[in-house]
Amino acid sequence: MGCCSSASAAQSSKREWKPLEDRSCTDIPWLLLFVLFCIGMGFICGFSVATGAAARLVSGYDSYGNICGQRNAKLEAIPNSGLDHTHRKYVFFLDPCNLDLINRKIKSIALCVAACPRQELKTLSDVQKFAEINGSALCSYNIKPSEYTLTSKSSGFCPKLPVPASAPIPFFHRCAPVNISCYAKFAEALITFVSDNSVLHRLISGVMTSKEIILGLCLLSLVLSMILMVIIRYISRVLVWILTVLVILGSLGGTGVLWWLYAKQRRSPKEAVIPEQLQIAEDNLRALLIYAISATVFTVILFLIMLVMRKRVALTIALFHVAGKVFIHLPLLVFQPFWTFFALVLFWAYWIMTLLFLGTTGSAVQNEQGFVEYKISGPLQYMWWYHVVGLIWISEFILACQQMTVAGAVVTYYFTRDKRNLPFTPILASVNRLIRYHLGTVAKGSFIITLVKIPRMVLMYIHSQLKGKENACARCMLKSCICCLWCLEKCLSYLNQNAYTATAINSTNFCTSAKDAFVILVENALRVAAINTVGDFMLFLGKVLIVCSTGLAGIMLLNYQQDYTVWVLPLIIVCLFAFLVAHCFLSIYEMVVDVLFLCFAIDTKYNDGSPGREFYMDKVLMEFVENSRKAMKEAGKGGAADARELKPMLRKR
């Protein structure tokens, strides 16, 4: 293949880079393969709908294979099948709270009923009365309502008491309990540090009472992210130091407020607390102590990292300045993640609907309990695996399209000497080039990520299934393999992004672009460490700033609630949303910095500033590199070594 051929490598070393000049289609076989794969995904969707799965999914069916709300045909050798359920439109489970999370099934008999019980039914007499008044029989079809109170008849064929109040799920005709206590054990499994139901209820009530504050803080994080993007565009030279100071103040402020609240709570007289509230007060004090210690540890670690990186922080200023100019000329880049997210949501909605259709597709089969399940037999049973691979590959393909679009727009900006000659819409021009020439390259790059991601997910599933059963050696090996595959996936993702940039520059196929990008990154190893990594770290500080600011605002707004234990869920929700919003905005800035760095490295490798070989880069960036090289030479021997790495690699003539 071209990825590893020595002849190809020799041609690459002699090949001239001609940015944006020659454009040709790349990796056409991979585009054809991807199109065929998508046709297969469409076949799975059509098959699942055409085989009647849509009616079983939407209307629901009972444990005997009868679809609710219609007349059914008799199934061979299956009792209670072939019933007329025209007036029984809802699925009712005799024990709706008995869920099997491992096998993703409801371990309960399902019946078609005329109405869901809107009030709790505590006795069999209540169940009988409900059937007589509403005409909705909640026991098995073989038992008459008059026989509900007979223990010998109703045992195992009537709902588990008490029957929780339920309501039909919109559009899906299933009776679902309206009381969340039915699912309390699953919430407790997620919140493992809580063993007292009263604490769990206080946490949930804290979220409900603070929903307006949570919504306001989420909007605040969105506004702060947009403000930070504006600051990055217009004051990039001082942005690094502003971020550093604000992060220090934000982390110190949040930590100080938590310790102040802890001291205030500890000094409060316990005699004034009624005995019933004493345990709650102790929980509050313990929660505040945990919050304060966690914030202190985070602040100390953050300070140590900033102390180590302080000498190299200045290296990012010039690169941030150029990136700010990119957003001035290409402001719509900020909204690129929203279009990508919208495309992902549409695909995921399609994928989930098809998955639900597949779950009710196939022939009726009687299981060990005598109930009906729908299973696909023969080669079609492997459609599940095909569908899962499609989820990963197409999702990675959509993300790769975003990377190629951003790379194409930034490359156009960088290699256009006169910025007044930029296309009217560089982003749309980049999308046009992607669709016309480079969809095959994107398909190949996303497939490589899929090849690494699938084994890692399989190992993670095996590890979760064997939890508590495997020995220490096997557990260590599994975790090591998962960790190695995760690292490989991250490295390949970074290489893929740079390969897309190389393709956007010179219109080469994926293998050639990946090889060229890898060689350039290796030749500029210290540049990658000193500029690219530090830039990413400063963007991370921007995310931390938004999270800390939003969290601090949340602490001040939630301070009126003296039950500090209930802070945990609202603060976690707000901080997670703030981080996701900040990541959504700043990830594009990070991507622009990465693309600019590769363009800069290629520019310095193939141009020397002489007539006919002028640099494309911004003068500010080149002046910064030269000044840094001189400063490092004056610093001594070690600095001279770094300077040799930082100076432009002039091409020998």
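Using N, Cα and C of the backbone, Cβ positions are placed for all residues, glycine too.
Fair warning: this is a prediction, and the values are worked out from it, not measured in the lab.
Look at Swiss-Prot and you will find 2-29 (among others) tagged as topological domain 'Cytoplasmic'. Per-residue confidence over the topological domain 'Cytoplasmic' (2-29) averages 61 (mean pLDDT, predicted model).
The feature N-myristoyl glycine is assigned by Swiss-Prot to Gly2.
For 30-50 (among others), the entry in Swiss-Prot reads transmembrane segment.
Look at Swiss-Prot and you will find 51-211 (among others) tagged as topological domain 'Mitochondrial intermembrane', backed by sequence analysis.
Per Swiss-Prot, transmembrane segment is recorded for 212-232 (among others), and the stated evidence type is sequence analysis.
As annotated by Swiss-Prot, topological domain 'Cytoplasmic' applies to 233-237 (among others), with the evidence given as sequence analysis.
Marked as transmembrane segment by Swiss-Prot on the basis of sequence analysis: 238-258 (among others).
According to Swiss-Prot, the feature topological domain 'Mitochondrial intermembrane' maps to 259-287 (among others), an assignment based on sequence analysis.
Annotated transmembrane segment per Swiss-Prot: 288-308 (among others), in sequence order.
The topological domain 'Cytoplasmic' annotation in Swiss-Prot covers 309-314 (among others), and the record cites sequence analysis as its basis.
Under the heading transmembrane segment, Swiss-Prot lists 315-335 (among others), citing sequence analysis as support.
Here Swiss-Prot flags 338-358 (among others) as transmembrane segment.
Sequence annotations record features per position, and here Swiss-Prot assigns topological domain 'Cytoplasmic' to 359-379 (among others) based on sequence analysis. Within the chain carrying the topological domain 'Cytoplasmic' (359-379), a Cβ under 8 angstroms from the stretch's Cβ atoms is held by residues 47-48, 51-53, 56-57, 61, 63-65, 75, 77-79, 81, 109, all 6 or more beyond its ends.
When Cβ-Cβ distances below 8 Å are used as the criterion, the transmembrane segment (380-400) is approached by residues 34, 37-38, 40-41, 44, 47, 340, 343-344, 347-348, 351, 354-355, 358, 442-443, 445-447, 449-450, 453-454, 457, 496, 500 of the same chain, each at least six residues removed from its ends. Taken from Swiss-Prot, the feature transmembrane segment applies to 380-400 (among others), supported by sequence analysis.
Per Swiss-Prot, the feature topological domain 'Mitochondrial intermembrane' maps to 401-536 (among others); the stated evidence is sequence analysis.
Nonlocal intrachain contacts for the transmembrane segment (537-557), taken as residues 6+ away from its ends with a CB within less than 8 angstroms of a stretch CB, comprise 213, 216-217, 220-221, 224-225, 228, 232, 239-240, 243-244, 246-247, 250-251, 253-254, 257-258, 302, 305, 309, 313, 316, 320, 567, 570-571, 574-575, 578-579, 581-583, 586, 589-590, 593. Taken from Swiss-Prot, the feature transmembrane segment covers 537-557 (among others), and the record attributes it to sequence analysis.
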Contact between the transmembrane segment (566-586) and the transmembrane segment (212-232) is defined here as three or more C-beta pairs under 8 Å separated by at least 6 residues; is that satisfied?
yes
Based on Cβ pairs under 8 Å, which of the stretches 30-50, 238-258, 566-586 lies most in contact with the transmembrane segment (338-358)?
30-50
Hey, which bits of the same chain come close to the transmembrane segment (30-50), Cβ under 8 Å, at least six residues off its ends?
350, 354, 357-358, 361, 380, 383, 386-387, 390, 393-394, 397, 439-441, 443-444, 447, 510
Its residues classified by DSSP, the topological domain 'Mitochondrial intermembrane' (401-536) shows 118 helix, 0 strand, 18 coil
